[in-house]
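Taken verbatim from TrEMBL:
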- 16-36: transmembrane segment (TRANSMEM)
- 85-106: transmembrane segment (TRANSMEM)
- 112-138: transmembrane segment (TRANSMEM)
- 159-178: transmembrane segment (TRANSMEM)
- 190-208: transmembrane segment (TRANSMEM)
- 240-264: transmembrane segment (TRANSMEM)
- 276-294: transmembrane segment (TRANSMEM)
- 306-325: transmembrane segment (TRANSMEM)
- 337-362: transmembrane segment (TRANSMEM)
- 374-402: transmembrane segment (TRANSMEM)
- 414-431: transmembrane segment (TRANSMEM)
Amino acid sequence: MVSSSSSREGWERWDLLRVILGLGFWVQGFRCYPWMAVNFFLKDGLNVNPSTLQLLMNSANLPMVAKPFYGLISDAIYISGQHRIPYIALGALLQAVSWITIVILSKSGVSIFSLTIFLLLGNLGASIAEVANDAIVAETGKQHTSSTKKLESSSSGQLQSFVWMASSVGGVLGNLIGGIAIDKFSPQEMFLSFGVVLIIQFLITISVRESSLNLPKNASNEGIKKQLSKLVVALRKPEIAYSMTWFAASYAVIPALTGTMFYYQTEHLKIESSVLGISKVFGQAAMLLWSVIYNKRLKSVPSRKLISAIQVTMAVFMVSDVMFVKGIFRQMGMPDSLYVVIFSGLLEVLFFFKILPFSVLIAQLCPPGCEGSLMAFVMSAIALSFIISGYLGVALASYVGVTGSDFSGLPNGLLLQAVCTLIPLYWVSCIPDDKKPKSRTE
């Protein structure tokens, strides 16, 4: 009888945890909805050039780099006896304030500077919420209590896959609705509707007590200095340090040409915004399918082998982009819009395919007590890598002579991008050849 009651409580806690994490990661994926509007608002409303657009979009991600600091605070500072739920709520509130303020200011004309400030504020809120969500996933994945051992024994991979799917579903809906809404509503109306979604998330989150999730607590609410010490110890572990260094570098060395391709597709090829939306939906659907395939078939594949295969596939798709820009696929009878939907959509999300197996690996390697800090550091390194990649992309576009109206140098830029993608494979041995969490059981 006691066992049955304990099992029922375990399932109830598990369901509530999935609601909080599912909503949090769904909103995280749905953020593509207002950001699609930001692209068109900058291009059509403020008339910025491709380089300025890419610089602004990448600079707006700077708050993501400070994720380790947010992780340290969330690990060490409890608010009303809670150290995860309040930070998720705070993140949702900051984002809501950001987007709604942009709507209010745009009525009298918003400058690029003001827009950048509030986009930074929105990403600050998103960063705080993501850190808290990631920490819950890491903590739950390592928690094996006797009363719920059967329920949670395989949660290390299952929960990561669940939240990945939730984020993918949010991305699918965000891009699908965004692609349709951009032709029917103004960017300001899209910003406002997303602000309402964030307010709903805030209200749902604050209605949940963290104690009902049965999350592990750090002994005696350790201070930030102690948490920082734990993080330093974790980062000194070779398997963690080398893996993170390679993973961050594998993104940073690739010069991103996203802003240039956006202008090429919309200004040169006159691809409609709805097609771009469908392309992103296709990509998000591929991410969703990837999470299912990984959970069912690929969890046993060594991380190094899986990540290397994804890196090579990215380079192949970039070479395919060269053929697309040169019109080879058009000559073969494939419409530009079809290529954008399938191949461009897949290439955009291929960059993120590596994160799922890598996050599972890091969660298994993470020492107890600093889950929030370490997972935040991982995501911070990835965010910084994307920012560096974006800045390198602006430099590459300038080097090959690409402008808002001249794309003759774009094929050369894409070839250089493909070569840079293959470079990290020379030191892929930094990634552990296999995942052996059982040998690390304390």
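Sequential numbering from 1, following the chain as shown.
Using N, Cα and C of the backbone, Cβ positions are placed for all residues, glycine too.
No curator has checked TrEMBL annotations; they are predicted automatically.
In terms of C-beta pairs under 8 Å, the stretch of 16-36, 159-178, 190-208 lying closest in packing to the transmembrane segment (85-106) is 190-208. With pairs at least 6 apart in sequence, the transmembrane segment (306-325) and the transmembrane segment (374-402) have fewer than 3 Cβ pairs within the 8 Å limit; the two do not touch.
Remark: the transmembrane segment (16-36) makes no contact with the transmembrane segment (337-362), by the rule of 3 or more CB pairs under 8 A. The stretches the transmembrane segment (414-431) and the transmembrane segment (240-264) are in mutual contact, each linked to the other by at least three Cβ pairs under 8 Å (pairs 6 or more apart in sequence). Between the transmembrane segment (276-294) and the transmembrane segment (159-178) there are 3 or more Cβ pairs closer than 8 Å, counting only residues 6 or more apart in sequence, so the two stretches are in contact. Residues 39, 43, 50-51, 53-54, 57, 234, 307, 311, 314, 321, 325, 344, 348, 351, 354, 358, 361-362, 365-366, 374, 377-378, 381-382, 384-386, 388-390, 392-397, 402, 404, 407, 410, 413-414, 416-417, 420-421, 423-424, 427-428, 430-432 of the same chain lie 6 or more positions beyond the ends of the transmembrane segment (240-264) yet place their CB under 8 Å from a CB of it. Remote same-chain residues near the transmembrane segment (112-138) are listed as 17, 20-21, 24-25, 27-28, 31, 38, 42, 46, 48, 52, 56, 59-64, 66-67, 70-71, 74-75, 84-85, 87-88, 90-99, 101-102, 105, 159-160, 163, 213, 215, 363, 366, 371-372, 374-376, 379 (criterion: CB distance under 8 Å, separation of at least six residues from the stretch ends). Tertiary proximity for the transmembrane segment (306-325) is limited to same-chain residues at least six positions away from its ends with a CB under 8 Å from its CB atoms, namely 247, 250, 254, 261, 264, 298, 336, 339, 343-344, 346-347, 350-351, 353-354, 357-358, 407, 410-411, 414-415, 417-419, 421-422, 424-425, 428, 431. Within the chain carrying the transmembrane segment (159-178), a Cβ under 8 angstroms from the stretch's Cβ atoms is held by residues 18, 21-34, 36-37, 133, 137, 140-141, 190, 277-278, 280-281, 283-285, 287-288, 291-292, 294-295, 356, 359-360, 363, all 6 or more beyond its ends.
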